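**Student:** Pasting the relevant annotations from TrEMBL:
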| type | residues | note |
| --- | --- | --- |
| DOMAIN | 6-100 | domain 'Chorismate mutase' |
| DOMAIN | 100-280 | domain 'Prephenate dehydratase' |
| SITE | Thr273 | site 'Essential for prephenate dehydratase activity' |
| DOMAIN | 292-369 | domain 'ACT' |
Amino acid sequence: MTTKNDTTTITLPMLRDRIDAIDAQIQDLINERAACAQKVAEVKLTEQGDQNVVFYRPEREAQVLRRVMERNKGPLGNEEMAKIFRQVMSSCLALERPMRIAFLGPEGTFTQQAALKHFGQSIISAPMAAIDEVFREVESGAANYGVVPVENSTEGVVNHTLDSFRNSRLKICGEVEVRIHHNLLVAPNINPDDVTHIYSHQQSLAQCRAWLDRYWPHAERVAVSSNAEGARLAAEAGKNGKAVAAIAGDIASQLYDLVVVSANIEDHPDNTTRFLIIGNEKVPQSGKDKTSLLVSAKNEPGALYRLLESFERHGVDMTRLETRPSLISKWGYVFYIDFWGHCEDEACHAVIDELRERASEVKVLGSYPVAVL
Ligand SMILES: O=C(O)C(=O)C[C@]1(C(=O)O)C=C[C@@H](O)C=C1
């Protein structure tokens, strides 16, 4: 190989030598960074005392990743570069204190994928059987943080998650989005043409409704607790020669050794789920934040209008408004409101103060950095 205007030949061994030298430099620098993180842990322990030291700092991580993307010159893309730094920080944090992360299990769910996307690979995974168990695990201190699904771009909100915030003191300290690709899966010994039942989580079945109506109108759809559980059941059934299929993602198909009959069967190609990170601490401002509130309106004419008017007047941009039954009075409702900004930003603070005067209850569920990756 020769370069333009240059007669010097660049050989493969030369390039590999150069890569080896760069790798050695990167390795030294990563270890230098890791040693810094260890020092950070010592400072945190001295400043905060042994009890309740907060090692994980979502606002700082978001700032680091945003800066990585802003200064990136390529040829690696911004996201690719941020993913590398995501893992570097994950390793550094594990060196400070390994984080136990509870998520809606079993192993292989999209929620696990979200946990790994948000925290990196260096975590202790704690799969839970249900959303309220994730909340309990974090409340009890058995897990440092939890990850739960909150809304899907095709199917809307995950009611269980919203309802779990009612009686919980946990705070939302982050969000993460995952593109959801579904596959129709069977055990290797099963002929797909024989399939009589299709197992998956009810949300996943709904996200593939049109595809199932078209290609599998006669197979019975069976809702189970998660799509990974559906994959496990399909694998078990296959061992007994039963022609059962599952709808699940790539991780679950690999985990349970299933064969992909059809890939990417979701009805909407941009099918995305948003997950929340829940923890025990409030998160300081990161410079680009969102806030989530739970608001009980007074049962009187114009009550909702007066809540919304406050956002408009202070120029605070709402991103979501959900209504759920209040569970206290029949036909009473509570509202889940998300908006841009941090509860300590002046305008957001003013809105929250006004809502407290106008609503019967306002609970700040958390202010947290907008998802970076
Ligand atoms: O800055 C800190 O507080 C750190 O602990 C360092 C660090 C990092 O590796 O950059 C690690 C973990 C935190 O969640 C945030 C950042």
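Cβ atoms are placed via backbone N, Cα and C, with glycine included.
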**Student:** In sequence order, which same-chain residues at least six apart have a C-beta under 8 angstroms from Thr273 (site 'Essential for prephenate dehydratase activity')?
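**Tutor:** Counting only residues 6 or more apart in sequence, the Cβ neighbours of Thr273 (site 'Essential for prephenate dehydratase activity') under 8 Å are Phe110, Ala114, Pro149, Glu151, Asn152, Ser153, Glu177, Val178, Ile180.
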**Student:** Per DSSP, what is the helix/strand/coil residue tally across the domain 'Chorismate mutase' (6-100)?
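**Tutor:** Its residues fall into 70 helix, 2 strand, 23 coil.
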